[in-house]
Ligand SMILES: NC(=O)C1=CN([C@@H]2O[C@H](COP(=O)(O)OP(=O)(O)OC[C@H]3O[C@@H](n4cnc5c(N)ncnc54)[C@H](OP(=O)(O)O)[C@@H]3O)[C@@H](O)[C@H]2O)C=CC1
Ligand SMILES: C[C@H]1O[C@H](OP(=O)(O)OP(=O)(O)OC[C@H]2O[C@@H](n3cnc4c(=O)[nH]c(N)nc43)[C@H](O)[C@@H]2O)[C@@H](O)[C@@H](O)C1=O
C-alpha cells in the first residue's frame with residue numbers, strides 16, 4: 001500500500017507519519033510518500049494534479065491545512081477560507097481523478113454551530129450559525145466533509161472525515177499570537193518563570209471551556225477510522241456516516257488550563273485576564289460516543305500530555321519552525 005500523508009511536517013501529519021513509519025519498521029509492507037510545502041503547494045491545482053497522476057497513491061491522508069488559534073483565524077479570515085478550500089478541492093478531487101479509493105481528511109470541532117447542545121453530536125452539523133471568530137475556516141472544513149460525502153455518493157469511493165477537538169503535543173506551533181491556547185500559554189508561562197515576571201495575562205475571561213486531545217491519540221484515532229471495515233463504518237450511519245468526532249469527552253476552563261500550565265512550568269505569580277481579547281465559543285465539548293462504540297478511546301490524560309509537551313518545548317525551543 002502506498003500512503004501519501006499531506007502535511008507530514010505539521011503536528012498531526014508528523015504524528016501520523018511516525019505511526020506509519022513504526023508499522024513499516026515492524027515489517028508491514030507500506031510505502032510512504034511525502035512532499036514539503038515548498039516541494040508541493042497544495043493550493044495549486046496543476047501541481048496537485050501532476051503529483052497525484054505521477055504517484056498514484058492507494059491511500060491519501062489529508063492533514064495539511066492553514067491552521068491557527070482564535071487570533072490568527074480572526075485576523076486572516078481570507079487566508080483561512082481560501083487556502084483551506086483550495087487544499088481540500090485540489091487534494092480530494094485530484095486524488096479521485098488519479099483513482100484513489102481511500103482517503104481520510106481532518107476537519108475540526110468548530111464546524112458545529114455556536115449554540116449547539118453539549119456535548120456536540122455528529123448530527124448537529126448545519127443546524128445553526130457558526131462562531132464568528134472562525135466562521136471562514138469552519139465553512140472550509142464543512143466543505144471538506146461535503147466534498148468527501150459527494151464523491152462517495154456519486155462515485156462510490158470511500159473518503160472519510162474525522163473531526164478533532166483542540167489538539168496539542170510535540171510539534172505544536174508555539175507562536176505567541178497565532179498559535180492555539182495551550183502552546184501559547186506554555187511559552188508565556190515558561191518565559192515568565194524564567195524571567196521572574198510576577199504576572200501572566202491570559203486572553204479573554206478565562207471562562208470558555210475547551211477539550212484537549214493529545215496528538216498521538218489523534219494519530220491513532222485517524223488510522224483507526226481509516227481502517228474501520230466499511231460495513232462496520234456504514235452500519236453506524238443513518239443513512240451514511242459522513243464524519244466522526246474525535247476527542248476525550250472532558251473539558252477544562254481556560255483558567256484551569258492556565259493554572260495547570262503554571263504548575264508545569266514552575267510559574268508561581270499572578271494570573272490575570274485581558275478582556276479585550278475574544279473568548280470565542282464558550283463551550284465545545286465533543287460527543288465521542290460514536291467512536292467509543294466502534295472501539296476507540298483517548299488514552300493520554302491532560303496532566304501527562306501537558307508535562308510531555310512542555311518537555312518537548314524545552315528540548316526544541318531553539319529551533320521552532322515559526
Ligand atoms: N491543531 C489543532 O488544535 C487542530 C487541528 N485540526 C486539523 O488537523 C489538521 C492538522 O493540523 P496541525 O497539524 O495542527 O497543523 P500544522 O499547522 O501543524 O500543520 C499543517 C501542515 O500543512 C502544511 N500546509 C499548509 N498549507 C499548505 C499548502 N498550501 N501546501 C502544502 N502544505 C501546506 C503546513 O506546512 P507549512 O508549515 O510549511 O506551511 C504544515 O506542515 C488540519 O486539518 C487542522 O485543521 C483540527 C482541530 C484542531
Ligand atoms: C482548534 C480551534 O482553534 C480555534 O478556536 P479556539 O478553540 O477558540 O482556539 P484557541 O486555542 O486559540 O483559544 C481557546 C481559548 O483560549 C483563550 N486564550 C487565552 N489565552 C490565549 C492565548 O494566549 N492564545 C490563544 N490562542 N488563546 C488564548 C482564547 O481567548 C479562547 O477563549 C479556532 O480558531 C479554530 O480554528 C479551531 O478549530
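Using N, Cα and C of the backbone, Cβ positions are placed for all residues, glycine too.
A TrEMBL annotation is a machine prediction, not a hand-curated record.
The domain 'NAD-dependent epimerase/dehydratase' feature in TrEMBL is assigned to 4-228.
Sequence-distant neighbours of residue 167 (NADP(+) binding site) (same chain, 6+ residues apart, CB-CB distance under 8 A): 11, 12, 180, 212, 213, 214, 215, 218. Marked as NADP(+) binding site by TrEMBL: 7-13, 106-109, 141, 164-167, 180.
Annotation source TrEMBL lists site 'Important for catalytic activity' at 108 (among others). Applying an 8 A CB threshold to same-chain residues 6+ apart, the list for residue 108 (NADP(+) binding site) reads 137, 138, 141, 163, 164.
Taken from TrEMBL, the feature site 'Important for catalytic activity' applies to 110 (among others). Over all protein chains present, the Cβ of residue 110 (site 'Important for catalytic activity') has 24 other Cβ atoms lying within 10 Å. According to its DSSP assignment, residue 110 (site 'Important for catalytic activity') is helical.
Annotation comment: TrEMBL describes 137 as active site, proton donor/acceptor. The 10 Å shell around the Cβ of residue 137 (active site, proton donor/acceptor) contains 27 further Cβ atoms across the protein chains shown.
Taken from TrEMBL, the feature substrate binding site covers 188, 203, 210, 279. In the three-state DSSP classification, residue 188 (substrate binding site) falls within a helix. Proximity of residue 188 (substrate binding site) to non-local residues of its own chain (separation of 6 or more, Cβ distance below 8 Å) is seen for 176, 200, given in sequence order.
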So which of the recorded positions 7, 108, 137 sit close to ligand 1, that is, with a CB under 6 Å from an atom of it?
7, 108
Integer Cα-Cα distance in angstrom, residue 279 (substrate binding site) to residue 10 (NADP(+) binding site):
26
Averaged over the domain 'NAD-dependent epimerase/dehydratase' (4-228), what pLDDT does the predicted model reach?
97
Candidates 7, 10, 13, 203, 210 (binding-site residues) - the one closest to residue 110 (site 'Important for catalytic activity') by CA:
210
